[in-house]
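**Q** Can you read through this structure? Questions will come right after.
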Amino acid sequence: MSDAQQITLIVDGEETKVTTGTTGAELFFERRDVVVARVNGELKDLDQPLPEGADIEGVTIDSPDGLNVLRHSTAHVMAQAVQQLRPDAKLGIGPYITDGFYFDFDVAEPFTPEDLKALEKMMLKIINQNQKFVRRVVSEDEAREAMKNEPYKLELLGKKNNAADAGEGVNVEVGAGDITIYDNVDRKSGDSVWCDLCRGPHLPNTKLISNAFALTRSSAAYWLGNQNNQQLQRIYGTAWPTKDALKAYQERIAEAERRDHRKLGAELDLFSFPDELGSGLPVFHPKGGIIRKAMEDYSRQRHVDAGYDFVYTPHITKGHLYEVSGHLDWYKEGMFPAMHIDAELNEDGTVRKPGQDYYLKPMNCPMHNLIFRSRGRSYRELPLRLFEFGSVYRYEKSGVVHGLTRVRGMTQDDAHIYCTREQMKDELTTTLNFVLGLLKDYGLDDFYLELSTKNEDKFVGDDATWDEATRTLAEVAEASGLELIPDPGGAAFYGPKISVQAKDALGRTWQMSTIQLDFNLPERFELEFQAADGTRQRPVMIHRALFGSVERFMGVLTEHYAGAFPAWLAPVQVVGIPVAEAFNDYMFDVVDQLKAVGIRAEVDISSDRFPKKIRTASKDKIPFVLIAGGEDAEAGAVSFRFRDGSQDNGVPVAEAVQRIVEAVRNRTS
C-alpha cells in the first residue's frame, strides 16, 4: 500500500495511518461500545469517511455525548412507531434532553397511557429489525420533496439561516451547513422505511437501542415553544445503554416523585397554590411560614455578621426607572404589563394631567442604585454591601410555572455590592466564600462552579474591562478548589458571572447562587464615588443572589430533605406523646420547659391510640418525639424517639432539653 493511499489521523491522542476513505466504523471496529466519532471536536456518524490529519476520538454509548446520541436515535424510532400506528400524525421536533428525549406530533386525539404501551411494543419491533440510520445530504428542493407531506418540516426549512433564534429545538433539525435527512433503512431490502429532517448524528443501527428504553408521559406543547402557535402533543421518553441503568433511573425518578415539594407541601401543610390567586403565586401556611422565617432569620443574621446593610424598596415603580436601567428594552416580555395611573381629566373628558405607567418590580438592582446615588459617596465607604429580601414579579409563561421552583411572585435574597476596581478580587473572593458557607449551613455541600463569559455579539463595555473581569472571576473560582466549568458566550450583555451549581440528595443539579459583574448599570445610573486622589470614579457593581429566591430555595430544600427538615428548620421540632392520659400533665410540663428555651414543641393529646400517635409523628417527619409513662414520670425522665425509629430510654428531662437545644443551635439532626 503506497503513501498516496494512506492518510494520517490522530486517534485518541496517537498518530495512526489508515487507508484513504476509512470510516469511523472501520477505525473502531473492535470497540463495540463506540457509537459515534468526535472528529476535530465535532460529532460524526461512524459511516462517514475520516479526513486527512483529523483528530479522532471514539465516543462510547455510556458517555454524555453517547447517551445524547442514543436518546436522539430512540426519538426517531418512536416517531417512526407513531406514524406506523397513526399514519395521519405530522412530525414536529424530536431532540434529546437531560436523561431522555421527546418528540412533538400534530394528531387528532391526544395520546393515552394505553397508546404509549402500544408504541413501546412497536418500537421494540423496529429495534429488533436492526434498521440502519443513514445520513443523506440533500438540496433544499430535495428536502422539500422528501418532506412534502410534513408541513412543520417545510416550515423549518424556511428557518435554516436563523435556526438558533427560530424557536425551541429548531437547530436539531436545520442550521448552518448542509441540509441532511436521516433514513431508517431496512437491513434486508436496503429501502428507506422512514425518514426525518435532522442534523444528527445517530447510532449505526436501531439494534444498539436494545430494550432499555421507556416512554414516560405525554402532554400538550406549543409548536416551537410559542403559545401563539398550534398546540401539538408531546411524548417524553428515556433510553439507557443497559436495562440495569434504565431501572436505576426509574428508581431515581420514583424517589424524586416521592420527594416532589408540591406533594410534600400539601401533605405537611406547608404551602399551597390557590387557583383564586393565579398561576405561580403560592401562599405559605403557618408551618411553611415557620420554615421560611427560620431560613430568612438565619440568612439575615449571617449577612449582618458579614457587613451587609439592610435596605427596603417598594414593589412598584414608575416606568421611567426601567427605561434608565434598560429593562424595558431587554426584559419587557418578562415583566407584568404596565398600570397606567394618576391621570386627571376635566369635566369634558379632556386630559388635565397625563397619567404615568407603573410596573411591578422585576428586579431590585435599579432601586439599590438609587440608594447608592442618593448622596455623595467616598472611597472610604466602599465596599458598600446592600441587601434586601425584595419581592419581585416576573411574567413567566403558565406552561413553565412549576411549584415553588418557578413562580411569578418571589422574594429574592438580593445583594448589590459596590467597590473599587482594586477591591474587586478580594470582594469576589469574600462573596463566593460567604455564599458557599451559607449554602453548606442549609445542608447543601456538593458544588461545582460555572463561569459564563462574553457573548461576542451581545455585550456592553470594552474588551479590556471584560478580559480583566473574566480573568479575575476565573482566578477567584479556581482558588475555591471547586471544579470550574466554562460557559462560553453565556454571560448577560452587562458582565461575566460565576454561578454556583449544587447537587441535592438525589444527585440532581440546581443552579443556586450567582455572582455577576455589571458594567452597564453604573454607567446608566451615572454612579460615582470620590476616589482617594479626589477624582470621580465609577464603582464596580456586583449582583449577588444567594438562594435565587426564597421560594425556590425552600422547594429545593423540601425535596433535598424529603420533607424531613433538620431540627433547626422543622416547623415542629418536638412532639411529646404520653403513653396514657394520666401522664398528660407531666408531658405538658416537659414541653413547657422546651418552649421556655425557644424550642417549637407540642403535646399530642388527641384521642388516637398510642401507636397511631407514633405513626402520625413519623408521617409528619418530627425530628424528636419524647415519650413519657409511669417510670419516666417517677424518674423525671423521658424516652427519646428519633426519625429512624431508634429510641433512647430514661433520659433525664434536663438532659433531653439540653440535647435538643444543642441540636437546634448546631443545626444538626
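Yeah, the Cβs are placed from backbone N, Cα and C, and that goes for glycine too.
Just so it is clear, the model here is predicted, and its values are computed rather than measured.
From Swiss-Prot, here are the annotated features:
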- Cys365, His416, His543: Zn(2+) binding site (BINDING)
- 3-60: domain 'TGS' (DOMAIN)
- 260-566: region 'Catalytic' (REGION)
**Q** When you average the Cβ positions of Cys365, His416, His543 for the Zn(2+) site, which other residues in that chain have a Cβ within 8 Å of that mean position?
**A** Met363, Asn364, His368, Asn369, Asp414, Ala415, Ile417, Gln516, Asp518, Leu521, Met541, Ile542, Arg544
**Q** If I take every residue in the region 'Catalytic' (260-566) and average their pLDDT values, what number comes out?
**A** 93
**Q** What are the DSSP helix, strand and coil residue counts for the domain 'TGS' (3-60)?
**A** 7 helix, 29 strand, 22 coil
**Q** Output the one of His416, His543 that, of all these binding-site residues, has the highest number of other Cβ atoms within 10 Å of its Cβ.
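**A** Most Cβ neighbours within 10 Å: His416.
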**Q** What is the total of other Cβ atoms whose distance to the Cβ of Cys365 (Zn(2+) binding site) is within 10 Å?
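**A** Around the Cβ of Cys365 (Zn(2+) binding site), 18 other Cβ atoms lie within 10 Å.
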**Q** Look up Cys365 (Zn(2+) binding site) in the DSSP assignment and reduce it to helix, strand or coil.
**A** helix
